[in-house]
Each structure stands twice: as C-alpha cells, then as structure tokens.
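Only one structure is covered here, and it is reproduced in the block below.
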Amino acid sequence: MIGSDDIYRQLDEGKQPYLFDHTYVNRFNAAAENTGKRFHRISRFLGSRFGLVADSVEEERREIALNDTAANSRYPSNKIRTAKYYWYNAAPKFLYEQFSRFANLYFLFVGVLYLIDSITPSTAGSRFGQIISLCIVIGITAVKEGYEDFWRHREDGRLNRSKAQVLGSKGECKWGELRVGDVIRLEDQDLVPADIVLVASCESDGLAYIETKQLDGESNLKVKFAPPLFQERFHEESNAVEVIGSVECDHPNDRIYEFSGFATLKIDGKDEHFPLGLDQFLPRGCKLRNTPWIHGLIVNTGADTKIARNNKPKPRKRSTLEKRLDIFLVITFLTQVFLVIIIVGISAASCYANERDGTLPWYLSSADACDPFDFFLLFFTYIAATANMVPLALYVSMEIARLFQALFMGLDDNFYDADRDMRLSVRTSNLNEECGNVSYLFSDKTGTLTSNCMVFKKFVIDNGIYEEKPIDDNAESLEDLRADLEAINRVDAKHGNGRPSVEFFRLLSMCNSVVIEEEKYVGTSPDEVALVTACKEMGYEFEGRTNKDMTVNVCGRSETWELLGVLEFNSSRKRMSIIVRSPYDGKIRIYCKGADFVIFKLLAEGQDEETHRLSGVLDRFAATGLRTLTMCYREVEQDEFNAWYQEFSKTQVLTEGREAALEEVATRIESNMTLLGATAIEDSLQEQVPETLKALEHAGIKTWILTGDKQETAINIGVSCGLLEDVLNLVVINEDSFEDVEAQMDRAIGVWRSLREMMGKASTNFGLVIDGHTLQFVLKTELEKKLVLLGKMCKTVLACRVAPKQKTELVEAVRTWDKDKVTMAIGDGANDVGMIGAAHVGVGIVGVEGVEAKLASDFAFTRFRFLQRLLLVHGRWNYRRMTKMALYIIYKSITVALLEVYFAFYNDYSGQLFVDPMLAGLYNVLLSAVLPVVLGVYDRDMPANYALMFPEVYRRGQQRILSGYRSFLWWYGLSFYQSAISFFFPVAADFEGPQFNGRLIGMSGFAATSFTNVLTIVNFQLLLTASSWNPYTFILWIFFTTFIFYGGLIFSSAGVAFDSDLSPLWLNTFQEIYASWGFWLLLLATVVAGCGPVLLKQYLQRQEFPHEKTIVQELMKAGLTREDVLPEKAIAEEDVAEHAPVLERRGVEYNLRDVLMFHYDNAGGGMHQQYNPVIGIMNRHRRLKRTLSDSNLQQVVFTDHNNVEEQTKSRHKRNITVGF
C-alpha cells in the first residue's frame, strides 16, 4: 500500500510543471485518423511505452465497451509519466530549450566567431573562452534540471509499480498496466488508481465514501453510490465478467467536479439506459474510506485522468522587472551594434583616406587593401570582442537568487501556521520581486478575509425572528421555538404538515449534502454543517441518507422520507432543491433553499407583503455582517411529478447541452413555491485583517473586495475591515440598463473631478459599491474604462453578488486599462482560481475550501494577515535586491566590454583584441558572477519590523523608481565613466612603457592592468550598492576580491598560459605588474576616481534630498518608532468618534458606523448624508434613473471650499458635506 502523502508530494509541492510531450503523439494521431489503425497502434505504443500521450484520443464523447478489451485497446494505458526528460529526448529537448533563449544563442554565435581565423586574430586556446563560459552556464542549468527530473522519475516509478486487483482473468496487476474498461476491486483505505465509475459496493444500497484530501484538501467524506442496475450486476465477480453493454461519458478533461454520461446494459435482449453523474465518479487520487470494498469501472487512464489534466503547466508569468530588463538588454545590444558600426565606419573611412593619400602602411599596400569584405569581417570581429556587453549570466544569476529567496521565505517562521502545520509555499519564484510592486489587491471575502467557520445566529420563520439570546424587541428565544416544535410533534407528526416551522426544519435537515463521519456532520459547505447542527439542537436530527431515502429523527421519533430527486447547487443556479415523498401522507414535496433574490423569483403570486417584510429583515442581518439563506417549498401532485420526471430522465442522458437542459427542466418544477423563512449565519473575520488592510492602504495598495454575498454584507465587511473608515461618499451603483449605469458613473466622476479641482489631488475618499447584475453592463464594454477610472479615484471598491467569471473579468479590466500597475488576487476556493490566474500575482489561502486556489496560485499560505509580510517585507526586499543585482550585472558587463572599444582607437581599428578572450569569457560567469547573487539574496535596507512599521516606504516599489529608465541611464553612464577611468589612467601613466625597475610592461601588461582595474572597481561599486552586509557576505566579498589577484597569477603562470597553450602572450604578465608598486598606486587612484563620485552622490542624496527610506533608516538608527514620531497616525491606534450618525432605512434606525462607517479623523473632518428610505437599494436607484439625454442629469454647485452640494432633478435629494 502506498501512502497518499508520498504519491502526491509532487503535486502539493508544485514540482510537476511538465507532464507530457504532445507534439509527436498528436502527429501520429492525425495520421491515424487518415490512414487507419496501423498508425493508431504506433501512437498507442509511444503513449504506453514512453508516456507521450497528452490528448490520446480526441473525441467528443468517450464510449467504453464493458468486458471487451479489444474494443477499448485504442485508449492509453494507465502508466503515468510526469518527468520532463527521457533517454530518447533529453539531449535534443534540453538543448532546444536552452538555445531558445536569446542570450545563449547569441553567445553560441559569438563562440563560433572566435573559432574563425579570419574574424578572430587569436590562435591560442583562449579563443575557446566564450564557448567554455557558455558551457558553464548551460552545465549549471543541466544539473538543476537533472536533479529535479530525477525525483520525478522516482515518483513515477513508485506509482506505476503499485498493485491493483482486476476482476476476471487479469487478477493482480500494476497500476501502469491498467486499461480503460477494466473493472477493479478496491478495499478500505485504498487509493483510486485511475478515474473510475462506481459500479458496485459492499453495501446493499450501493453507497461508498471517499476522501479527496489529496485532490482538493477537503478531509470530509463524500458520498458516492452505484446505480441500482450496476449494483445488481457487478456485485458478484462471476456476474460482473458477463455483463454486456457500454458506458458513454465526457471526453477526458481537467474539470474534477464535473462528470456526465450514461450507461447502456443489455438485459433480456433489451437496452436499458440510465444516467451517470458526479455521484458515481471517483477520480484518481482519492481514497476509499469507511467502505469495506467497491468495484469500479475505469473510464480514464494515465494522461487522461483528471488529476493529470490538471497538472498541465501553467502559463509562465513574468515579472514586470524581467520585462523591463528585456528592454534594457535590447538597448544594450543596439548600443553594442552602434559602437561597432562606428568603429567599422571610422576604419573604412580611414583606410579609404589613406589609400587616396598614398599613406597606407607598407604591409597594407595592395590592390585589395580596403576590400569591403574585410570590413564586413571586421564588423563580426568587434561583435565578438564586445560580446560581454550582453550579460550571459544575467538570467541564470536571477534564477539562482530567486531560488535562495524562495528558500528563505519558506523558512520564515512568521508565516508558520501551527494549526495547519504549514508555511509559506513559493510556487512561482520568478515573481518574488513582483510582490514589491503591487498597486491593486483583489480579494475574495469568505474564507479569505473571514475564517470560514460558520456559527448559526438566527432563524426567520413566518415573520418571527428567533435567536439564542434575543437582544431585539422583535426577536424570540430558540427555546420557545423548540418547545413549540416538541408540542406539535407530541400530538401527531401529521399535525405539523403545512406548518411553516415544521416544514422549515424538515427542509434544513434534508436539503443538504452533509454526511456523518464519526458521529459528526461534515460537508463541503460550512454553511450547511452549521445549519444541520442547529437543526439537531432544535429536535430535527439528520441521521443519514442512501440513494433512495433520507432519515431524520424528529424529537425522538425516526422519519424516513423517500428521496425522489436532487437538484444540485451551482454558481449559476445559486440554489439547491430536493424532491421527497412524505412517510405520513405519501405526498410529494419539493424543498428549496438559496439566495434571497433567486428564491423570491420562484414564489407563487400573492406573497409580496411577506417578501417585502423578509427582505427588510435580511437587509438588517446583512448590515451586521451575517450570511443569509432563504427557504421555500410546495407540494407537487403525482401526475405533475411523473410528467416532469420523465422529461428530467430524458434530459439526463443527453450527449449535448445536458447542463443547460437540466437547468431549464429544474426551473419548471421549482415554481409556485411558498416562502418559509430564512437563516442567518456569522462568519467572523480572521485575526488582524483590519490591521493588515490598513497597512496595505498606507503602502498605497488599493483593495477591491469581490464577493458573492449581499450588498449590505459586503458593505459591513468593508466597515469591519476598516476599508470604509475614512470614506466620505459611498457611491452605490445598482442599475438595470447600460444607459443607467453610464449615467451613474458619469455622475460620480463629475463629483470626483470637482473635488479634485478643489483638493488638488487625484484620489479622494470615495468608496464604490457595485453588484454583479450591474457588472453585466460594464464588463467587456466601453464602460470598463470608466469603471477602472472610478476604481482609481476611490479608496476601495466593493463588488457584491459577483460570479467567478466576473471576478476574473474585473482583474483583466484593471490590467487592460491601468497597464502600468501590478495586480494581485487572493482567494481560497475554486471560484477564485480564475482571478488568481488573471492577476500579475496570485495568492492562494489554504483553508477549508480545499487546495484548488493553492494549485493555481504563485504563493500560498493559510492566513490573510501573512499577506502584509509577504508584500511589505519580502516583496519589497526582493524587488530592491533583484533590481540592484540585474542592473549591476548589466553595468559590469558593459564596463569590461568598453575596454575593447577604447582600445580600437589605439590599434587603428584593426580588430586586435585587448583583453585575452579566456579572461573576457570567464569574467561574467566566474570572476564576477558570485557577488551579484549574494547581493540579490542577502541585501536589505531595513529590518522587517521597520518595513512593517512604516509601510509608506513600499510606494517607491509601486513607482518602480529603482528599475526605471532614469536608474538604467545612471548605471549606463557609470559604466562608461568607470571603464574610461580604468583604461585611460594607465594610458596617462604610460604604464605600457618602462617602469621604475627599468622593465617594459608591454601590451599584455597594459591590458592586464586595465582589466584588473575594472574587476576591482566593480567589486568596490558592489560595496556602495549594497544597503547592508552581514559577516558572511563580507567574507565572501573579501574572498572574491582577493581571488582577482591570485587568479591572475594562476592564469599567467607558465603551467597554464604557456605549457597548455592557453595564452602564451600573457606568460608572467600578472607576476610582472604585481611586482611594480606603480601598479598598486595606479589601482588605488582608479578606485578612488571611479567610486568617489558615486560616494559623493549618495552622501548628497541622503543629506539634501532624502526620501522615505532614508528617513526611516535614520529613525531606526535613533531607535525611534512610528508612535514616537506619528502618534496620531499609528496604524493600530487611530482614534474613532464615539458617536456616529444614524441611518434610517425601512423605518429602522441603525448606526452608520455599523453600516457605512463614519469616521472623525484628528483634524475633525465630518460628513452628513441624508437618505430618503424606499423599498430596497435597487428600488431606490430605479427611481433615480437618468439617461445621458437628460440635460439636468447633474448640477454641481460650489457654495464655498468646504461644501459641495450635489442636486439631481428628482424627488430624492442627497446633500454631501465634505470636511477638509
């Protein structure tokens, strides 16, 4: 037996980005379609032998013959291969990937140029320097790739060698040998080896329980059941191998929570059809629990299983810095080409001028002295000579630094959650630095901001409100309600039929998907678990279900209701219904629960008063942050049910459009319902959520809350989180047409522009609330741009009643219309996967909703509060580190390459190399490669506690000042300046000529001196670039700086330079220059002249033009905290007014601080809002509708600089007094 932790460790750690190679197999499949089964067999052989099948057989529907191996042979085996490289593709695939990168291909080209005698004058072994450097870089990558793939191969082998029991002649066989159509036997605690359909269980009713913890993180059990016809024929092995029929189901896909199909069995010469759905489907990787044994029919194997399909590599996200570096590298390359063209042009002009004047040197005096082809070759000579301008090791260095950054982030104990025994998971390390640039945060609510631990609070039944400890004059005690229920059931169970309270609790106890595990209720929905638990306390105890009936213990008496149908909840229906038959009178009832705005549409006529009253109560509940559900029911006549069920059964076996058809059929019976009441559940905020959001606000990050909850709930969450503390005007947009939405947006933008003119700043204390219905008219239309503009002007945006697709589209809209800003999305459930993938950076919260959000994310942890440290500490650190490191690598590459450019003016543009090619080649990958990585891993400008204490310093990352063009031009100019110092100081000192000891240094000595100057000066520049050094990094700097000189001695020693024919002309060069004290004086002068201006610039900047970071560093040195210098603005201690204005709606008064949040700041600002209550927010806005054709849409009158009066031509008037 293989442990689930071992089997899916790769998945949890995100180490399977490469699953299957598609190209070759898809070609074979295409050929097979045209030429027959022969090529199909080749395709299947490649798939089963080498694991190449990704889309093994592309069909609309998959048809599986029962007990017919030959008919199913076209499908791949169950062998899984997640490794990236195999013996037959390792070399070509790896080399193709490496040379798909421009830098590697460029240096391969340069390396070849060095091997051409007519281009490179050097004939010694040093001409292989660029090739050797390229091999070092590719070798490092090969070791990394090989190590990762080694572990993938090990895990693949362990999985494929696991054993499974197949019914029939096969008996026991390996997982990798299983085929589609095999019927396997699984026992308790076994892992499911392939996607299977449950065909039989040890239980007479066909029930089985599975755990999907390794798939979605949910530890609660899920109920599956075998269809009765399957259960009857597959229960005994002897009968199972004789079954004749087929199963038709969806083609392989990655939708774990979707499965549809139907089975056909040949019974007594007739075909019997019945549907298959998610209740019969067991995906690979789940575990059988609390069930002695089951039989399952394999429908998908190997690469076709849903878990394998979900492991397809995510589209690679690239950080903003990386994209900016691409531009910088293009500029650098164009600069190189420009300089080479100038050199070649001057050379050609000089040659032609000398030829015309007859002053050519004697060794060039010939008919073809100025042959154009020579200048063509000269161009490539200087391209090779200045190749170091393009840094070969830039991206390799960045990857190494990111790996170490991810390691240290994962080891940060501040991310550790002891309750779940989990740390921060860095799943996309190439976005480490992107966390330092975030401007927009899109956040889910339930399970992300809240704890997703539901606690029952209130019932609403037949106009009565019931709660544990009534605090409202209109509320009653749950104890009284329980006593009434017991009295009703003591008389006669039938007596309760039709009573709202009885039907209400029957609905709650049966209309759910919870199961009982170890005497506890568990389920996929925490809401349902809370409600079923509350029902138990009220005397209605859910005792269990089968595929035929449900049992409820009512006040000590057991009731078994026949289960006739279940209409499942989904994000589009937003409701769940069950159809049952009463054990007392045999009547059929349909019970339905869902969102209030959905349930109200299902009600029979004549319930307007009840609907209006309940709507007001639900708004009050939502205003206090409670989650609400509404309930209804009706009795269904037998004839109506029979007709409906016949249509429903036909729809279940449709092969196309099944889901839409099922929803339409369900709507027909979910009608003419009777309203029963509603429930209210509390989902409290996670700890430190308000403090985290406040810190992010100070950091300049705008937060958008995207939730499926009611509008009042969303507003309350905004209040509870502190997002609406300083909001002076809450813009609410709930409209029913495109024109009305546009009018509301124009009205808000007009007020904002007026305020901006007075206040002189673009952002005001507006808050925007918009619902999913309104977003239908905004997203993917020209109003998107206005919505983003409103979002930019607002302090926060609350989007309520939004669907998962709308969450994704909102993120995409901001990315489209505010391109320069970095977005981050954070969520915890499957409905957040889209927006997590759409944002620049996606964060998954690992909670009770499973791991789908984690699998789609770039970073994952368990608590929302960890986001503060991820962004303000590690994100900011990593952005500064990576930017410094990348620009430093470009700078040092240009600095050494320019020596060849300067030397060209002294050798008459002949192409003679200045620096030995071996030294030039090893410069970027060995001599100066390690210290930049150390800078990218360890550098920090302030400790974590000060970065958290002063989140304002984060704003420089949003502006991307360090990686801006001005910063790039500074490094660019510095490289030209310091390279000139390194070259021309020896020229001015005539270092090539006789020295104090009378010896000539020579050409190689001159080059060695300039090269050593560059190496030393760039190392000292690194000291000035770093913000801090710990003992370990300083020791490394000392070591590599010293290595410059010892490395030179080794390179020019007789055994290396001469005996190995590496570079004979450099024999004893470094020994000779080191023996001259003039060299050391010259080196000192070069470093002082090169780094002195940089040091002076840094000093003047700190003294005369300090920015936030500098000020915080000074406070840190003085030991001062935020409270010492800004006591009135301390994040955790902002004073709030004791009394807030009162809002009256629907005749009910409640505190604005509890609803819209009114805040007096220390300057004494205030607000007055006057509302005229009407029925519902949407009704109020319907009365305020305007179109752009209305010339009196809005009048903004400035009474003085302290008041803005907004008037609309309407019976309703809103006065807004803004305090400045």
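Placed from the backbone N, Cα and C atoms, the Cβ positions cover glycine too.
Quick look at what TrEMBL lists:
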- D444: active site, 4-aspartylphosphate intermediate (ACT_SITE)
- D444, T446, D828, D832: Mg(2+) binding site (BINDING)
- D444, K445, T446, E528, F569, K593, R627, T707, G708, D709, R801, K807, N831, D832: ATP binding site (BINDING)
- 65-123: domain 'P-type ATPase N-terminal' (DOMAIN)
- 855-1106: domain 'P-type ATPase C-terminal' (DOMAIN)
- 99-116: transmembrane segment (TRANSMEM)
- 128-147: transmembrane segment (TRANSMEM)
- 327-355: transmembrane segment (TRANSMEM)
- 375-396: transmembrane segment (TRANSMEM)
- 886-906: transmembrane segment (TRANSMEM)
- 918-938: transmembrane segment (TRANSMEM)
- 968-988: transmembrane segment (TRANSMEM)
- 1000-1022: transmembrane segment (TRANSMEM)
- 1034-1057: transmembrane segment (TRANSMEM)
- 1077-1096: transmembrane segment (TRANSMEM)
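Listed as Cβ neighbours of the transmembrane segment (327-355) (distance under 8 Å, sequence separation of 6 or more from its ends, same chain) are residues 102-103, 364, 369-370, 372, 375, 378-379, 382-383, 386, 389-391, 394, 887, 890, 893-894, 897, 901, 904, 908-910, 968.
In terms of DSSP helix, strand and coil, the domain 'P-type ATPase N-terminal' (65-123) has 22 helix, 1 strand, 36 coil. In the three-state DSSP reading, D832 (Mg(2+) binding site) counts as helix. Across the structure, R801 (ATP binding site) and D444 (active site, 4-aspartylphosphate intermediate) place their CA atoms 12 angstrom apart. Of the two recorded stretches, the transmembrane segment (99-116) lies close to the transmembrane segment (375-396), with three or more CB pairs under 8 Å once pairs fewer than 6 apart in sequence are set aside. Under 8 Å from some Cβ of the transmembrane segment (1034-1057) lie the Cβ atoms of residues 918-919, 927-928, 930-931, 934, 1008, 1012, 1015-1016, 1019, 1022-1023, 1063-1064, 1066-1071, 1074, all in the same chain and six or more residues away from its ends. Between the alpha carbons (Cα) of N831 (ATP binding site) and T446 (Mg(2+) binding site) lies a span of roughly 11 Å.
Here the Cα atom of D828 (Mg(2+) binding site) is found 8 Å from that of D444 (active site, 4-aspartylphosphate intermediate).
Taking a C-beta cut-off of under 8 angstroms and a sequence separation of 6 or more, D832 (Mg(2+) binding site) has the following same-chain neighbours: D444, T448, P804, K807, A825, I826, G844, A853.
Straight-line distance linking the Cα atoms of T446 (Mg(2+) binding site) and R627 (ATP binding site), rounded to a whole number, equals 10 Å. Same-chain residues lying 6+ beyond the ends of the transmembrane segment (375-396) with a Cβ under 8 Å from its Cβ atoms: 101, 103-104, 106-107, 110, 113-114, 118-121, 130, 133-134, 137, 140-141, 325, 329, 332-333, 335-337, 339-341, 343-344, 347-348, 886, 889-890, 892-894, 896-898, 900-901, 904, 909, 911, 913-914, 920, 923-925, 929.
Neighbours of the residue listed as 'active site, 4-aspartylphosphate intermediate', defined as other CB atoms within 10 A of its CB across all chains, total 28. A sphere of 10 angstroms centred on the C-beta of D828 (Mg(2+) binding site) encloses 32 other C-beta atoms.
The DSSP secondary structure for R627 (ATP binding site) is strand.
Contact between the transmembrane segment (128-147) and the transmembrane segment (918-938) is supported by 3 or more Cβ pairs under 8 Å, counting only residues 6 or more apart in sequence. Summarising model confidence by region, the domain 'P-type ATPase C-terminal' (855-1106) averages a pLDDT of 90. Under the three-state DSSP scheme, G708 (ATP binding site) falls in the coil class. Under DSSP, T446 (Mg(2+) binding site) is assigned to coil, being neither helix nor strand in the three-state scheme. Counting every protein chain shown, the Cβ of T446 (Mg(2+) binding site) has 25 other Cβ atoms within 10 Å.
The Cβ of R627 (ATP binding site) has 22 neighbouring Cβ atoms from other residues within 10 Å, across all protein chains displayed.
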